[in-house]
Every structure is written in C-alpha cells, then in structure tokens.
Amino acid sequence: MKNWLDEIKWDADGLVPAIAQDHKTGRVLMMAWMNREALELTAAENRAIYWSRSRGKLWRKGEESGHVQTLHEMRLDCDADVIILMVEQIGDIACHTGRQSCFYRVFENGDWKTVDPVLKDPHAIYSAGHKHE
C-alpha cells in the first residue's frame, strides 16, 4: 500500500512549501516549510507543525506565542509540490511581526507599502531573544 506522504514531490532538502490560509476567509496567512515528519505530525495532531530551516528542527506553530494554527483541511496542488493548510488561526496573529498575515505589504507605485496594522507588539508575544517562530 502506498503511503500518502510518498505522493509528495519533496525538494532536494526533503522539504515542501506549505501555505497557511484562513479556513473561513481564504486569506493567505503565511508560508513555511514542512519535512515528512512535520507533515505527518500535522495530520496526526490537527495543528500546523513546520520545519524551521534556520533552527534545523520541528516548529509547532504557536508553541511560544500561543498563536496555534488548528488544521481544518489539507490540500496538495496539481504538481504535488505545494501544500495548502486551511487553518483556524488562534489569536488572529500568524506573523512574528504581530500582524494577522505575513503578507502585509502591497507593491504600489514602485515601492512596498505596509497596509496591515500590528495587532500586538512582537516583544509582548515572544520571550527575550526569540525573534521568529
């Protein structure tokens, strides 16, 4: 029997990009990487678990901030090389900058313009020395 994880086209580092979207509004919240273990645990625990390339370890979204992403649905694209996670974003903050989405800048008139407000000061969210989930 074929394992569902074998259907994914992992990159040379054994990773696949994962896009988290709000399951109610469809808004793109963030993009992160998943390895096989992260994807398997995400399915098993019904919460987003990513692979932190900078720290070289699993990253359970919300483990420090409390901003957990509860999984509602998982989709695989037509090329089997991108995952979409339809999630409920607990606390309404997905970005380490304290915003709802990591995609808070819009290209306008040749420049990037910040269009989404900071909902909570990142220093109040994360412990000292921890800059980014």
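Just so it is clear, glycine is given a Cβ too, placed from its N, Cα and C backbone atoms.
Features reported for this protein in Swiss-Prot:
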type: BINDING; residues: D77, D79, D81; note: Mg(2+) binding site
type: BINDING; residues: C78, C95, C102; note: Zn(2+) binding site
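Taking each of the binding-site residues D77, D79 in turn and counting other Cβ atoms within 10 Å of its Cβ gives the largest count for D77.
According to DSSP, C78 (Zn(2+) binding site) sits in a coil region rather than a helix or strand. With respect to Cβ neighbours within 10 Å, the binding-site residues C78, C95, C102 differ, and C78 shows the lowest count. Neighbour density for D81 (Mg(2+) binding site): within 10 A of its CB lie 13 other CB atoms from the protein chains shown. Each residue contributes its Cα atom, and for D77 (Mg(2+) binding site) and C102 (Zn(2+) binding site) these two points are 21 Å apart. D79 (Mg(2+) binding site) sits 27 Å from C95 (Zn(2+) binding site), taking the CA atoms of both as reference points. On a Cα basis, D81 (Mg(2+) binding site) lies 23 Å away from C95 (Zn(2+) binding site). Highlighted in sequence order, K9, L76, C78, A80, V82 have their Cβ within 8 Å of the centre of the Cβ atoms of D77, D79, D81, the residues recorded for Mg(2+), and are not part of that set.
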